[in-house]
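Student: This is the structure I want to talk about, given as structure tokens.
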Amino acid sequence: MDEEPERTKRWEGGYERTWEILKEDESGSLKATIEDILFKAKRKRVFEHHGQVRLGMMRHLYVVVDGSRTMEDQDLKPNRLTCTLKLLEYFVEEYFDQNPISQIGIIVTKSKRAEKLTELSGNPRKHITSLKKAVDMTCHGEPSLYNSLSIAMQTLKHMPGHTSREVLIIFSSLTTCDPSNIYDLIKTLKAAKIRVSVIGLSAEVRVCTVLARETGGTYHVILDESHYKELLTHHVSPPPASSSSECSLIRMGFPQHTIASLSDQDAKPSFSMAHLDGNTEPGLTLGGYFCPQCRAKYCELPVECKICGLTLVSAPHLARSYHHLFPLDAFQEIPLEEYNGERFCYGCQGELKDQHVYVCAVCQNVFCVDCDVFVHDSLHCCPGCIHKIPAPSGV
């Protein structure tokens, strides 16, 4: 038997001559190289925002989870299913934190079938509870991309034109068992303006590549658990909207939270409309959010009124969605030895010890790398610009 020629396979390219990346400092330590790699990873997401482009702010997303027998593989610990469900709990929390006026639903596919784990909803606690219960789910059979996408499309095609229609598939298997030609379904999805993205857990699959390319989505295959989490995080921010999507004014209601007690003689107990589609038994309560149009009561916001269809939100919900449209500009990176100002971070008041500091171009305040990442990822506004006190006009 002839020996296999010594050439690097394409998938091994990232591991070729890895020792050349590591460089020793004057004392022979590799710490500086490792810190530089971690530093670049921290700064990477700061530059990944879309800039001032048109975004789909009101999102409707279905997450399709592969429940086939391949999800029992233990290359992710303790297995693919448990790891996926834990990361999806994190994803749901981040999704609603960054997109409070959006909705999400979960579909599971196994044994050549697909079924909804949760309906399209804006209640994160409902989804997280279902994900926790799904840990005991039995994985068997093959997945069906066709059936999963058909179920998602049945709901998404009726969504208003000004909202984004998205599907995110977590695909573990290398095969799909479909009852009909999936390429015809891909054309239908494209015509319905449904964007489909795929995260692969095994290897690249041709049909997933075509699906993502034709519908305008993305397709990535994970390297490890940390990369898996990073790929999920990419789907938290709203995608750029197509130029053909509708523009329209949306009626919204801003109900105030009414607090009543048993001692209040005018208070009248009432049922919450949110219990109509829930498994919990409805109960009479005093307080809540009352729709300004039809006076229907709800326990939490945001929600679409089941009586009159009005979208009920609070002002902070819109404010948290607004920052996607006008993202904070990246701070200017300056070597520490070239910076002549105070050597303390404006955000955490810690001493600046890193090789680089970050200066806001507007208020000229300086930040460390951790505060820079926190400001751009979570705060979305410069604390120096907010607290900048203008000089009195008489001076």
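Yeah, the Cβs are placed from backbone N, Cα and C, and that goes for glycine too.
Quick caveat, the model's predicted, so the values are computed rather than measured.
I grabbed these lines from Swiss-Prot:
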DOMAIN    60-236  domain 'VWFA'
MOD_RES   Tyr95  phosphotyrosine
ZN_FING   291-308  zinc finger
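Would you situate these features in the structure and describe their surroundings?
Tutor: The secondary structure of Tyr95 (phosphotyrosine), as reduced to three states from DSSP, is helical.
Mean pLDDT, taken over the zinc finger (291-308), works out to 87 on the 0 to 100 scale.
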Student: Same chain only, sequence gap of 6 or more: which residues have a CB within under 8 Å of the CB of Tyr95 (phosphotyrosine)?
Tutor: Leu61, Ser102, Ile104, Pro124, His235, Val236
